[in-house]
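Visitor: One structure, pasted below without further comment.
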C-alpha cells in the first residue's frame, strides 16, 4: 500500500470499475451554470436588458441546449466512477477492502467525510455495494456517518439506511439501527419524486422503501425502532398510498395488510387507510384513480359484510363510503370520470360500482336525462322558429351594385313588436334568452370547480359539447344586444347559434347505448383525424394554388377566370381538392402546357392519395372506439349520472342504498348485492384444477386449501379426486379447455332493493 494520495492522486489499483447502477436509475437534467447570457455572435448582453433582449436570451439558451437526459445520466455515472477511482477511501469502501480502510483511517490527513460526485460518503458506497465489513469499519471510525445524507440534487437526503433497506441487507440495517440511524430521514432528491422520468417511486422514508421492496422483516424492525407509519412525503402520500402505485400488486396487498395491523389509532387519530394526501385522495380513491383493480378488490373485501350464504347465493352489504357521489365532493365516481387514465374506467366494471351506477341510472338518471333532452329539443325548436320569423321589412335604400340582390332588411326595434304575431315571437325570444342565461349559470360554475383543461378537454365529460352550448348561449345574448340597439348584422351570431344549438342535440345521444359511443367517435375524428388531415390539406392547397395562379397569370380572365387572382385561386383549388368542381376547361382556347401536368399531379395526390388516407384514418379510429364502446358508454353514463345528481335538488334525487343507522351499522350507507354462483360450475372448476395440478411436477401444497377456501357455499368439502378410468379416457387438453372456459364466465349479480323501499321485487343487472 502506497502513501495516502489526495483527491487527484492515483487510486488503489486492481479494482474492478464496472459501473454498478445505484438503486434509482433515472437522473435529472443538470442545472445550467449561471453564466452571463451571451449573444449568438459571442457578445455580452447589457445588464439592464429590456423585454426583447430577455426573451431573446431565453430563446438562445433553449435553442443551445445540448445535453439530453440520457447523456446527462451517463455523464454523471461516469463522473461518479471516476471520483471513486480517484479517492482511495471511496475505492476501498466499494471493494470491501477492510485492510486498506484500516490503514487509510490511521492517517490524520484522511478525510473520512469526503464525498463523491453524487454527494455520497464512503458509508453510502459501502451500503450501495452491500459491503457489510467495510460499513462496520467506517461506522466504528466515524459513527456520525450514519446520519450523513447525500447532498446532490439527484439523491438529496438519502442516508445509508435508505440504501441498505432498498437492497434488503438485513445485517447492515440492524447495524445502522443499533447506532441510532434516523428512521425518519427523508430522501427528497429528484430521483425519488413521482415523475415520468423516474422508473420507480418509493416515497421518501426508509419505511416506505422497505414496504415497496416487500421486506416484511425490515418493515417490522423499522416500526419497532420508532418508524412512523403515518409519515407523509412531499406529496402527502403515506406508505399505503405508495403501495397502491407499485407494479407488484400481490406483494402490495400483503404489505398493506401488514401495515394496517400496526395501526393503533386512538380517538383523536384518523385511521391510516383514511388519511388523504395533498390531492385529497385516500389509498382507496387512489387505487380507483390509478385503475388498480387488484388493490381495489382487495380493499373492497375489507369493506364488505357478508350477511348469509344459501347454497350458490351470497348476500353481501358493500360500504359505499368514498364511492357514492352523494354527500362527497370528491367521490370515486367523479374521480374516475375526470382522470385521463384509461385504466381507471375498468373500476366501473367492478362490484359494487357497477351495481351502484346501474341502480342510479335506471331509477333516476335515465328518466331525468330523457326529460332534459325533450326540454332542450323544444327549446331549440322555439329558438329556430324565432329566427325564421324574425322581423324584416322591404328594402328602402337603392342598390349600389348590380350584383346586389337584397330585397328585405332588418326592422328597427320600434317597428319589430307591433302586431300580435310579433308578441308571440317576443314570448319565444324571451324564453330563448332566459334559457341562454340558465345555460351559462349552470356551465360557468363547473368551469371554475373543475378547471378549464379538465372541463373542456375530457371527452367522457362531453368537453366539445360544453364548448358548443356555452358559445351558443353567448351568440344568443349577442343577438339580443344587437336587436336592442338596432344594429345591422344580427344574422351572423344568429346563424352561428342555430348551427351550434342543433349540433348540441347530439349530446343527448349518450343516453342510448347504441348512439352514445358514436358521439365520442365523431369527437375523436374531428379533433384527431380531421385536424391532422387539415394540416396536410393546407400544405397541398397552398402549393398547388400558387402553381395554378402562376400558370394562369398571363391568360385572359374572361376565358379562364378560376385562377385570376390569388384568393380565387385558393378557393378554386380547395373546391378541386374536395372534387366539388371539375378542372377549368374551355375548348375554344388553348390551355397552358404546364396546367395539364400540374393538374394531373394534383388529382393523384388530392383525390387518390389524401382522401383515401383520411378514410383509412377514420376507419382506424372507428375500429379502436368500437372495441371499447361498452366501456366508453359506461363512463358516459357515470358522468351523466354524477352531473344530474349534483344539479338536481335532494328531494328529486334521494340517496341510493341502505342507511346503516337503522340496522346498527353506523352512519354509513350500504348497497346489498346478491351474487349467484353455479354449483355445477364450481365442481367442474375443482375437477379441472385437480387435473391441472395432478400433472404438474411442482405441486403447491397450499393450492388445495386455497381452492377449498375460495368456495363460499361449501367450505367443509374436500377436493374430489377423479377416477383413473376417467382420467385415462379423456384428454388433458380438453379438461384444460373446459377449465379455461368456466373460469372466463362472468358471474351474474342481483340487487335486492326490498330493504330500501319496502318492496319485495328484485332488480337484475
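Just so it is clear, glycine is given a Cβ too, placed from its N, Cα and C backbone atoms.
So Swiss-Prot says this about it:
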- 582: Ca(2+) binding site (BINDING)
- 742: phosphothreonine (MOD_RES)
- 133-143: region 'Interaction with calmodulin' (REGION)
- 638-642: region 'Interaction with S100A10' (REGION)
- 731-751: region 'Interaction with calmodulin' (REGION)
- 156-185: repeat 'ANK 3' (REPEAT)
- 389-425: topological domain 'Extracellular' (TOPO_DOM)
- 484-489: topological domain 'Extracellular' (TOPO_DOM)
- 553-565: topological domain 'Extracellular' (TOPO_DOM)
- 586-596: topological domain 'Extracellular' (TOPO_DOM)
- 368-388: transmembrane segment (TRANSMEM)
- 426-448: transmembrane segment (TRANSMEM)
- 464-483: transmembrane segment (TRANSMEM)
- 490-509: transmembrane segment (TRANSMEM)
- 530-552: transmembrane segment (TRANSMEM)
- 597-617: transmembrane segment (TRANSMEM)
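I'm curious about the neighbourhood of these features; can you describe it?
Guide: Of all Cβ atoms in the shown protein chains, 8 besides its own fall within 10 Å of the Cβ of residue 582 (Ca(2+) binding site). DSSP assigns residue 582 (Ca(2+) binding site) to coil in the three-state reduction, outside any helix or strand.
Here the region 'Interaction with calmodulin' (133-143) has Cβ contacts under 8 Å with residues 92-93, 96-98, 101-102, 105, 112-113, 122-123, 126-127, 160, 172, 175-176, 179 of the same chain, all six or more residues outside its ends.
For the region 'Interaction with S100A10' (638-642), the DSSP-based tally of helix, strand and coil residues reads 5 helix, 0 strand, 0 coil.
Counting only same-chain residues 6+ beyond the ends of the repeat 'ANK 3' (156-185), those with a CB under 8 A from a CB of the stretch are 23, 119, 121, 123-124, 126-128, 130, 132, 135-136, 139, 143, 145-150, 192, 202, 204-207, 209-210, 212-213, 215, 217-218, 221-222, 225-228, 231.
Per-class residue totals from DSSP over the topological domain 'Extracellular' (389-425), listed helix then strand then coil: 10 helix, 6 strand, 21 coil.
Below 8 angstroms of C-beta separation, residues 409-410, 412-413 of the same chain, each at least six residues beyond the ends of the topological domain 'Extracellular' (484-489), sit close to that stretch.
Model confidence over the topological domain 'Extracellular' (553-565) is summarised by a mean pLDDT of 75.
Sequence-remote contacts of a segment are chain residues at least 6 beyond its ends whose Cβ falls under 8 Å from one of its Cβ atoms, and for the topological domain 'Extracellular' (586-596) they are 547-548, 551-552, 555-556, 559-560.
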Visitor: Short question: which residues 6 or more past the ends of the transmembrane segment (426-448) have a Cβ under 8 Å from it?
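Guide: Sequence-distant neighbours of the transmembrane segment (426-448): 379, 382-383, 385-386, 417, 455-456, 466, 469-470, 472-474, 476-477, 480, 647.
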Visitor: Considering only Cβ pairs under 8 Å, which range in 464-483, 490-509, 530-552, 597-617 makes the most contacts with the transmembrane segment (368-388)?
Guide: 490-509
Visitor: Is the transmembrane segment (597-617) packed against any residues at least 6 beyond its ends, judged by a Cβ distance under 8 Å, and which are they?
Guide: 529-530, 532-533, 536-537, 540, 544, 547-548, 551, 573, 576-577, 579, 583
Visitor: May I ask whether the transmembrane segment (530-552) has at least three C-beta pairs under 8 Å with the transmembrane segment (490-509), counting pairs 6 or more apart in sequence?
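Guide: Contact absent: fewer than 3 Cβ pairs fall under 8 Å.
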Visitor: According to DSSP, how is the topological domain 'Extracellular' (484-489) divided among helix, strand and coil residues?
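Guide: Counts, helix then strand then coil: 1 helix, 0 strand, 5 coil.
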